[in-house]
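Some notes on the structure that comes next.
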Amino acid sequence: MSGQRAAKRRTGDLHTEFPTSCGNPYQTACLLSKFIELPTPPLTRHQLKRLEEHRYQSCGKSLLEPIMQGFWEWLVEQVPQWIAPNLITIIGLLINIITTVVLVYYCPTATEKAPTWTYLSCAIGLFIYQSLDAIDGKQARRTNSSTPLGELFDHGCDSLSTVFVVLGTCIAVQLGTNPDWMFFCCFAGMFMFYCAHWQTYVSGTLRFGIIDVTEVQIFIIIMHLLAAIGGPTLWLSMIPVLNVPMKLFPALCTVAGTVFSCTNYFRVIFTGGVGKNGSTIAGTSVLSPMLHIGSVIVLATMIYKKSSVQLFEKHPCLYILTFGFVSAKVTNKLVVAHMTKSEMHLHDSAFIGPALLFLNQYFNSFIDEHLVLWIALVLSFIDLIRYSVSICNQIASHLHIEVFRIKTKVARFNHH
């Protein structure tokens with residue numbers, strides 16, 4: 001998720017044989033993943049072929065990345081070479097998610113004070129995720145196991161982590177007392193991550209700025225540590241000169257960061273893409289990705305504002321997670337569209353959950369909105385998991401590799 005990905009370059013070496021079995025130690029997990037998979041493979045043969053031709057390109061370096069590189073280089077040397085890069089990534093993501101879910105349990109409305117250890121665990125969890133996310137690409141090169149699946153898996157985990165990171169930050173500063181600000185901060189974070197890959201879809205190059213995700217993550221770690229040390233009193237204190245509560249400081253930083261980042265993203269997008277006549281890398285309109293993230297944000301805003309029972313105000317964490325899973329799904333599809341040089345289609349099963357909420361409100365909420373929100377949350381989560389498992393398994397099968405294990409003999413060719 002961070003600027004260190006510029007050094008990862010996990011788009012490596014391909015082969016197209018198909019595996020004959022899952023392997024006995026992993027047979028149960030393999031059967032489970034087959035059960036979860038979509039009935040129809042998400043990628044066509046032509047998309048898989050273009051995936052083989054994909055090359056990772058990035059430019060730019062964030063402010064703290066050179067400082068952190070020494071630590072990351074040391075850390076990857078401590079990892080056994082039999083551990084797969086994707087396994088490192090998923091472990092970091094699970095730690096990040098679990099620590100945030102614990103915080104959500106104690107603060108379901110983002111207004112409560114959680115035990116001190118929960119804030120500390122979130123800070124540690126995010127640091128672990130940042131560190132493991134930084135070394136997975138290094139481990140891939142170190143073990144000679146770089147593939148396009150690694151890049152996709154990395155970005156996919158980042159898209160989900162973004163949801164939990166922004167939610168955890170809002171809980172840490174008790175932003176639930178200001179629901180409009182909490183709504184803005186969470187969806188601004190998702191939107192900026194989407195835009196980073198939108199401009200990549202247009203230009204073919206992932207760009208990193210001076211202030212990028214590494215810096216933002218460290219800022220959020222500090223927020224969690226302050227929450228552990230200062231508690232509610234800290235966030236109620238007023239900021240001199242600005243005369244606003246301390247809890248709005250992260251929100252104001254989000255506004256500034258959104259304006260700065262989106263200005264850079266849209267400058268690239270509106271300059272024109274690398275495709276024919278200034279189109280995207282897939283030859284589509286540079287504005288076409290707006291429909292997907294725009295639909296997520298518009299639906300979320302309408303349901304929030306039209307709710308007769310203050311659905312978002314009373315259940316902000318459930319609400320953010322529901323739409324966060326939808327946002328993660330469409331972001332993943334954007335990354336896939338870039339890597340396979342293909343068009344994004346607007347119709348998507350990810351929108352079933354939000355559609356249920358919208359239709360329920362349209363018919364005067366004849367079903368309890370809280371119940372429908374839970375249904376939408378479950379549907380959105382299952383849809384994201386099924387898509388993610390399906391596409392990872394399909395690509396792994398096509399490249400004759402395994403998602404979480406390093407195969408000893410892999411046919412390779414130069415990707416540089």
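Cβ from N, Cα, C; glycine included.
Not measured: the values here are computed from a predicted model.
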Can you dig through Swiss-Prot and tell me which residue of N144, N277 is labelled N-linked glycosylation site?
N144
CB contact flag for the transmembrane segment (180-199) and the transmembrane segment (315-334), at least three pairs under 8 A:
yes
What kind of secondary structure is N144 (N-linked glycosylation site) part of, going by DSSP in three states?
coil
Flag the pair the transmembrane segment (156-176) / the transmembrane segment (315-334) as in contact if three or more Cβ pairs fall under 8 Å (sequence separation 6 or more).
yes
Annotated stretches the transmembrane segment (349-363) and the transmembrane segment (210-230) touching (3 or more Cβ pairs under 8 Å):
no
Mind checking which residues reach the transmembrane segment (89-108)? Cβ under 8 Å, same chain, six or more beyond either end.
114-115, 118-119, 121-122, 124-126, 128-133, 136, 153-154, 157, 160-161, 164-165, 167-168, 171-172, 174, 176, 315, 317-318, 321, 404
